[in-house]
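According to TrEMBL:
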type	residues	note
DOMAIN	B:8-284	domain 'FAD/NAD(P)-binding'
DOMAIN	B:321-387	domain 'NADH-rubredoxin oxidoreductase C-terminal'
DOMAIN	B:425-474	domain 'BFD-like [2Fe-2S]-binding'
DOMAIN	B:487-536	domain 'BFD-like [2Fe-2S]-binding'
DOMAIN	B:562-624	domain 'Nitrite/Sulfite reductase ferredoxin-like'
DOMAIN	B:634-759	domain 'Nitrite/sulphite reductase 4Fe-4S'
BINDING	B:Cys643, B:Cys649, B:Cys683, B:Cys687	[4Fe-4S] cluster binding site
BINDING	B:Cys687	siroheme binding site
Amino acid sequence: MQAHENVKKWFKAARVEDFPKNGGACVKYRDKQIAVFNFTRRGEWFACQNMCPHKKEMALARGMIGESKGEPKVACPFHKKAFSLCSGENINGEEEPVTTYPVKVEDGYVYIGLTTD
Amino acid sequence: MKISDRKEIVVVGNGMVGYKFCEKLVAKQGNEAFNITVFGEEPRPAYDRVQLSSYFAGADEDDLQMAPEEWYEEKGIALYTGELAVDLDRKHKTVTSQKGRTVTYDTLILATGSSAFVPPIDGVDKDGVFVYRTIEDLEAITKYAAGASKAAVIGGGLLGLEAAKSAMDLGLKTSVIEFAPRLMPRQLDEIGAGALKTALEGLDLEILLNKNTTLIGGNGTPEYLDFADGGHLEADMVIISAGIRPRDELAKKAGLEVGERGGIIVDDQLQTSDSDIYAIGESALHRGMIYGLVAPGYEMADVVVENLTGGEEKFTEFDMSTKLKLVGVDVASFGDAFGESEENSKKVIIDNKAKGVYKRINVSDDGDRLLGGMLVGDADDYNMLLQIAQNGFSLPPDPVDLIIGDRDEESGGGQKVYEFPDNSIICSCESVTKGEICDVIEEEGKEDIDSIKSCTNAGTGCSGCVPMLDDLLTQSMEARGREVRKVICEHFDYTRQELFDIIKVKEIHTFDELLDEVGQGDGCEKCKPAVASLLASAFNEHVLEERDTIQDTNDRFLANIQRGGTYSVIPRVPGGEITPDKLITIGELAKKYGLYTKITGGQRINMMGARVDQLPDIWEDLIEAGFESGHAYGKALRTVKSCVGSTWCRYGLHESVSFAIRIEERYRGLRAPHKLKGGVSGCVRECAEAQAKDFGIIATEEGWNLFVCGNGGTNPQHAKLLATDLDEETLIKYLDRFLMFYIKTAEHLNRTSTWLNKMEGGLGYLKKVVVEDSLGIGEELEIEMQQLINVYSCEWKEVVNNPELRERFTHFVNSDDVDPSVKFKDYREQPVPAPAGWKEKG
Ligand code: SRM
Ligand SMILES: Cc1cc2nc3c(=O)[nH]c(=O)nc-3n(C[C@H](O)[C@H](O)[C@H](O)COP(=O)(O)OP(=O)(O)OC[C@H]3O[C@@H](n4cnc5c(N)ncnc54)[C@H](O)[C@@H]3O)c2cc1C
Ligand code: SF4
Ligand code: FES
């Protein structure tokens, strides 16, 4: 995940309760699609690009989140390529990494940190 | 060692064997003693050419790669891809690439492989004529095929047939043209080749034998082929697969000895006529022979590595056993396939024309040893026979028993891999013996297939031996009195069966509770769906309440995800019976939502291309019209296929449709370790294909026969007869027991056939449990089943009526926009997903 310091703009995405527990949902920001995950079990939030680098499907938000040796990850629903939610690296293959975004929650709203405005 | 003392090793050719040489050398010596430089002509690092055709099945470059570029870096290997070595100066011991790079060698390895042989036919230089050897070839073929309709493949050998299958998979009508009077002349005899021909023709592949192509005609691109016998064939794409030619041009230019028909001549050490230069793989000519397979190439790499690192090894002859992959018909040949290696060898043949199976084995004169053989139509025995031939195992008194198949079914037995001698080769691609594998299991304590693969390299080539590895692991553990526990993943140290009991006994209803009680960490994509399925089998509660996010995507959105991210909608049509009104509803709905419709292989109708936000609306309309979920997305009961039965059919003995509907309605929504399918046929003509199902019911004069544990799919298996002449009530009782026993004891994602195959005691045992109730659990199983049936309700109906669940079916949480990347194009008057980059006309 990128550090909060680099954030130029916090985009107010949606209310906390719009996101399923221990799962993800897709947020639209201009013409970007960003997958946001509410990892309730860890009490953490994560975000990454919605497009899976494998077959370019807009799908990661519908993927299953989990953890492997302590590392939080999301597995694409199409062919189960898994990406670290911290570094974006493809854990079980050699796909390109995905872009990850910082997330913060304030007053019941979920914000995504963007480094460009 | 000082850098200057290091030996300079240069490898020309970064194909499968060139790569394997590097891998073996650094594994043996680290990167201390040598500097390795590799030239590869192709634009990318070595990839698995053997699996090349899987490129069409969706594998991409990365899936095929032998090792990524970083691997070479890590090992200190200088890899120059996209650089053809053009000059070899033996006097100064240098190699120069076409980019002008010159490197000096102490030892040179030529692993230049071979190229496809293109016969000098008029017109071979046309656009639209291809060979089949590299990723680039396949890319070009795919692109060209989009605008073509009929392919001709010149060459009916191993590779030609593989290419032909790929052309068919690309949607082209395909013909294979063979010069010889039969297919695969090097592997099969006349009867075997005949059986293969019949089978391939059954798959709609045209086979033309005795054809000498003289012209590929057409204006710029192919339009037709002419043959020497005056024959003529229309085709707008041509693939040539007429054999291989070793790449010896560099060697020849440098004055190394080469064979008359090509190939760099090597001795048993694989040294060329220059003792500092070795040749390995498909470019090497050893004792007059070019080995066109990967396993002997790997063996050659091994021999050279041994010799360079102080050992002494020789390459002698090598077994040419092969199994043809992908074509849809099993074909294999092993050892001395034609029985030519010994005088008076005897052949034993099964020629079952009705089933399209031909098996031939050659046995030594005294009947003691298996020399080799060939299998067409059913190659299940290949691994076993190969082991017997290679290890000289003694044969049964009547060798025909080796190939009869389906022997010993009641006991589930067969010869055990664990009892093979230690030096028997299990993985022939990587030459790994049974002893080496058992060492890793027994000495190093590796108890899962992945570790065994990475420790020994076994199973990493053609992967044909993986089932044997699995057996070996299980049998080795059993032999040591160890329980074989297939734990689910790093988060639960339990088997599926153990977790099922825990869930029921402790009445655990959510994933997090279970994780807190008996697991660790936060779960993953392996354990979450497995637990979701267990919770569903245990309580049959709604799969989305509290557990939507632990379901595989198909269960989470109650529909199958498809290319482009849309979903399919398949309502239940019990027994395949549907009223005209319901047909009209489906037609109208498909029009309303712009969906593609297709009759499925399971006797119902699929509406495809629904966006996630449309799903609840479509289902609302469907439910209104009296439909319910078909569970086409779940590891659950799918369809119970039926034939029309005695109501209409002149042969029908009983009403198969009514019985199928009754059964489908009984078990609808039942969640299981894998999907479940059934079939009911009204007589032995078996039009419902019940014997290809997890449970199949066939009418007899007296009642119904019950078959179990069959399936189609990847590894088809016929169902086995469990009980005969049952009345409907008894049959349902047995079925309750059978299904519940399966649900409670199978591993996650094992179909009933796999479950039975692994069951100690096999069918005999299953019969005892289900029919004779030998464990005394019959009634308990029936009660558990009844409980699940009692709480069934249509899960789509609940979603449609539950605003909170319904809200989850959107693409964006912060916008009502639909996914802009979803695009369709028109195709035979219906919408289908448009490929990436596709633009609307106008
Ligand atoms: C729609 C359909 C093809 C068709 O157009 O006819 C189909 C489509 C899919 N099949 Fe199938 N199968 C369909 C009938 C079959 C049949 C024929 C049959 O049921 O009589 C078989 C072989 C019989 C069998 O299962 O024993 C079949 C064997 C498979 C398999 C291999 C199973 C195996 O044990 O080897 C898979 C993969 C799996 O389940 O893991 C599979 C998986 C799939 C999936 C779900 C793959 C996926 O996850 O995306 C496909 C979903 C497409 C979609 O978007 O809906 N499909 N599939 C058929 C739906 C039947 C229905 O009404 O529900
Ligand atoms: C479609 C297909 C399916 C197959 N299926 C099977 C199978 O099921 N079982 C089996 O055992 N075998 C199979 N084979 C054969 C197997 O792929 C080969 O035996 C194996 O690849 C040989 O390895 P190699 O390294 O000797 O040659 P290659 O893999 O051909 O590698 C040689 C490399 O050297 C490069 N090269 C050549 N000259 C130079 C030069 N002067 N400078 C730099 N680089 C050079 C070439 O471009 C090439 O990349 C199949 C082959 C194909 C094409
Ligand atoms: S429908 Fe079945 S057979 Fe056809 S491509 Fe999909 S999974 Fe394969
Ligand atoms: S598209 Fe994501 S894994 Fe294939």
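Cβ atoms here come from the backbone N, Cα and C positions, even for glycine.
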| query | On a count of neighbouring CB atoms within 10 A, which of the binding-site residues B:Cys643, B:Cys649, B:Cys683, B:Cys687 is highest? | reply | B:Cys643
| request: Over the domain 'NADH-rubredoxin oxidoreductase C-terminal' (B:321-387), work out the mean pLDDT and round it to an integer. | output: 86
| said: For the domain 'BFD-like [2Fe-2S]-binding' (B:487-536), how many residues does DSSP put in helix, in strand and in coil? | reply: 28 helix, 3 strand, 19 coil
| request: Give the helix, strand or coil assignment DSSP yields for B:Cys687 ([4Fe-4S] cluster binding site). | output: coil
| For the domain 'NADH-rubredoxin oxidoreductase C-terminal' (B:321-387), the number of residues DSSP places in helix, strand and coil | 6 helix, 29 strand, 32 coil
| For the [4Fe-4S] cluster site built from B:Cys643, B:Cys649, B:Cys683, B:Cys687, further residues of that chain with CB within 8 A of the site's CB center | B:Val644, B:Gly645, B:Tyr651, B:Gly652, B:Ser656, B:Ser681, B:Gly682, B:Arg685, B:Glu686, B:Ala688
| said: Cβ under 6 Å from an atom of ligand 4: which of these binding-site residues qualify? The list is B:Cys643, B:Cys649, B:Cys683, B:Cys687. | reply: none
| Counting each residue once, how many in the domain 'BFD-like [2Fe-2S]-binding' (B:425-474) are helix, strand and coil under DSSP? | 26 helix, 5 strand, 19 coil
| request: State the three-class DSSP label for B:Cys643 ([4Fe-4S] cluster binding site), counting H, G and I as helix, E and B as strand, and everything else as coil. | output: coil
| Helix, strand, coil residue numbers for the domain 'Nitrite/Sulfite reductase ferredoxin-like' (B:562-624) per DSSP? | 33 helix, 14 strand, 16 coil
